[in-house]
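Visitor: First the structure, which I've put down as structure tokens, then a few questions once you've had a look.
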Amino acid sequence: MHLRLHHSRGPCSPVSVLSDLPFSAVLTHDDARIASLAAPLAKAAPASSSARPTVTVASLYRANDDAAVDGSLASVPLTPGTSYGMDNYVTRMGLGTPAKPYIMVVDTGSSLTWLQCSPCRVSCHRQSGPVFDPKTSSSYAAVSCSTPQCNDLSTATLNPAACSSSDVCIYQASYGDSSFSVGYLSKDTVSFGSNSVPNFYYGCGQDNEGLFGRSAGLMGLARNKLSLLYQLAPTLGYSFSYCLPSSSSSGYLSIGSYNPGLYSYTPMVSCTLDDSLYFIKLSGMTVAGKPLAVSSSEYSSLPTIIDSGTVITRLPTTVYDALSKAVAGAMKGTKRTDAYSILDTCFVGQASSLRVPAVSMAFSGGAALKLSAQNLLVDVDSSTTCLAFAPARSAAMIGNTQQQTFSVVYDVKSNSIGIAGGGCK
């Protein structure tokens, strides 16, 4: 399955962009996302346990549920997603019979796929294109509370399932920035181009609030039996790959077979505190060919997650401090400027016009990200660019700025992640 992937600000993005969205808002939401993903690793209560969705569940429980009761290889484009409220990536997914396309945010840090559904009993945000109407799909079915899939929601969303008065399973998906979706667990035929798979389980959202921009919903690719990856795996296999494009181009998301000879690999690292996320081991970094002045043990002092939905990479504090010092030293002829939000190593100018040192991130097993200027720095406004890294708290993260233009394959069956340069622009 091969889909086109777009950055939300890309030239062919299928969603409208919030042109006045300041980059400081992106960073604020990025920080909230990381706090949410890292909460289980810190053995703290996850941010998804907020009370507001529970109130919404009660309103769905009391509602008349008639709308919920009515009833090889593919590829899609991938696009950046600033309209989601952060620099994320979107693609099109077909749903129903006959199939209709919907713009979905691609997220390796989430399990349950959901989209907004008519009649939007509580709230739907504005989206590009019409909202999915279950009554128009001959293959739609609501999922009852006694099914295994309803029981699986607690691990897929970190929230307990609820049950409507007509025995329809209710899901709650909530996120670190207080965005959430609540609705009916459903099944229908999912399609990508001419490829379709029946009996796909997803959330039919009736209350969808927060920073989802103009997308229809979210496509979950985490390691969980309710994720899109696992549901399509019996047909396509347990692997997916993507190339996250810059805002000036488009990339792809592929589920299924890939060319293994193209990649250098690093093992997936197991983490008993959250086995749905993709953990890897950062083993070293160099700036202008010189290793950072830290001990090798510092790189693995925190668990490290690779994630498509995090914008800025977070490093253990000692590693970040050494990187900041080394990059600033290599760019000593470039005028420095004040910190911008959480980014404290900033320069006057734009990334594309500055001379930057060669920086490489090495992972155990031999995989590496050899960063260009656009992977190393991020333009926060028209006259300022900053090092696209920040210190981590309870977990390190490999963000999407550093992954842009690389092909990255997640081979869950072999527990490895592959990286190759030159996947897209």
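Backbone N, Cα and C define each Cβ position, glycine as well.
Remember, TrEMBL labels are computer predictions, not curated facts.
Just lifted these from TrEMBL, have a look:
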DOMAIN    89-420  domain 'Peptidase A1'
ACT_SITE  D107  active site
ACT_SITE  D307  active site
Visitor: Can you give the mean pLDDT for the domain 'Peptidase A1' (89-420), rounded to a whole number?
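Guide: Value for the domain 'Peptidase A1' (89-420), mean pLDDT as a whole number: 95.
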Visitor: Which residues of the same chain, at least 6 positions away in sequence, have a Cβ lying under 8 Å from the Cβ of D307 (active site)?
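Guide: Those within reach of D307 (active site), by Cβ under 8 Å and sequence separation of 6 or more, are L37, T108, G109, L277, Y278, M397, I398, G399, N400.
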Visitor: Below 8 Å Cβ to Cβ and six or more residues apart, same chain only. Which residues does that give for D107 (active site)?
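Guide: Looking at Cβ-Cβ distances below 8 Å from D107 (active site), excluding near sequence neighbours, one finds N88, L218, M219, G220, L221, A222, S308, G309.
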